[in-house]
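Remarks on the structure that follows.
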Amino acid sequence: MKKIDKYFFRDLLRLFLIFSASSVAIFVIVNFFERLGFFIANKARPVDIFKFYVFQIPFLFNLLAPFAFLIASFFLFQQSAYRNEILLIRISGINVRQIISKILLFTLLVSVLIFLNGELLAFPGLQKSTRVRKANIEKSEYYFYYPVVSDFSFMNNDTLFYFSRLNARERKGLGVIVMVLGETGPRVRIDADSCIIIGKTYELFNAKERFLGIDKDSIVFHEKKTLISGISPFEVIKKKTEIEEMSAKQLLKLVSYKKRMKLQFKEEMVELLYRFSFPLTVFVFAFFALPLAISIKPRGKTYSFGLALIISFLLWVFIQFFKVSGQAGKINEFLSTFFPLLLSMGIGVVPWFKMKL
């Protein structure tokens, strides 16, 4: 690597880390004072407040990294142009496009690191932060599951459980369906009006058990039937995580399950694809911003910083609009997550051709 490359890489990395750390710190401070009344009302311990924010830091770094990199890029190259460093580089016969191309390759590495950080630290940390908030700060008895849920289903090995209504306080389920699945479809289906769940034991009432054979079916009626499963539905609900807090691995399992059960999974699919598209925003933002930062007439630090903020905000709104449209079913899942990036790169080609060398 040439000295000029090392110079730009060192300064870019330094600015990227400074803006990332500053953005995370500002977010935490502002959010803390917004929630101060909430913490006081719940008599939260300082250690729990500390954990609540520390667990969020990897996620916040991931969330703010694209904007921090865009601002760092604008800041560095606008200031280099302002100090006539870009002019000196051109006079020396160094190709500015080569420097930018190397930085773009570096952003691909950053994108991979952001994805790995999300899988290993960010989303697991976000789930821990939610647990601290609900269990330690709010002190909710049902901190990780809802007392009452409707239309709830889950799989345990080859058995599907469905409840039209499940009450955690009363340990009671209504409108119960249990299906044992085989290779070709359901082998046994049990329909019950209600059930009482104690541990992993299900007491089914007014149950109709149907054995589904190839040639004919048989039906057995039970006033009361005991069923033992490997897991309680309350444990499943307890482990329930909002899809916004799930890693790509968790979302893939959820999508696979819903596909198998022939349930709607559009929202989960959009979120899964977003796990892969979002890290690439660092590369896309850099592709868009780097030639623009060099081409625009330099006007000082304030102008550079403000322009970078405006561009990053517009790109962010553009990405979120398509994501929400995909979750609402208005746009194809793949298009809703990757089309904004492709379109941004298409628009970003213009500054590349107009870049003054």
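Cβ atoms here come from the backbone N, Cα and C positions, even for glycine.
Note that TrEMBL annotation is computational and uncurated.
Under 8 Å from some Cβ of the transmembrane segment (12-33) lie the Cβ atoms of residues 49, 53, 56-57, 60-61, 64-65, 67-69, 71-73, 75-76, 103, all in the same chain and six or more residues away from its ends. Marked as transmembrane segment by TrEMBL: 12-33 (among others).
Annotation comment: TrEMBL describes 53-78 (among others) as transmembrane segment.
Remote same-chain partners of the transmembrane segment (99-123), defined as residues 6 or more beyond its termini with a Cβ less than 8 Å from a stretch Cβ, comprise 1, 4-5, 8-9, 12, 58-59, 61-62, 65, 69, 73, 89, 245-250, 275-276, 278-280, 282-283, 286-287, 290-291, 294. Taken from TrEMBL, the feature transmembrane segment applies to 99-123 (among others).
Annotation comment: TrEMBL describes 272-296 (among others) as transmembrane segment. Non-local neighbours of the transmembrane segment (272-296) in the same chain are 62, 65-67, 69-70, 73-74, 76-78, 81, 86, 96, 100, 103-104, 107-108, 110-112, 114-115, 118, 247-248, 251-252, 255, 304, 307-308, 311-312, 315, 319, 323, 333-334, 336-338, 341, 344-345, 347-348, 351-352, 354-356; each lies 6+ residues outside the stretch with a CB under 8 Å from one of its CB atoms.
Per TrEMBL, transmembrane segment is recorded for 302-322 (among others).
As annotated by TrEMBL, transmembrane segment applies to 334-353 (among others). Beyond its flanks by at least six residues, the transmembrane segment (334-353) meets 97, 270, 273-274, 276-277, 280-281, 284-285, 287-288, 291-292, 295, 315, 318-319, 321-323, 325-327 of its own chain at Cβ-Cβ distances under 8 Å.
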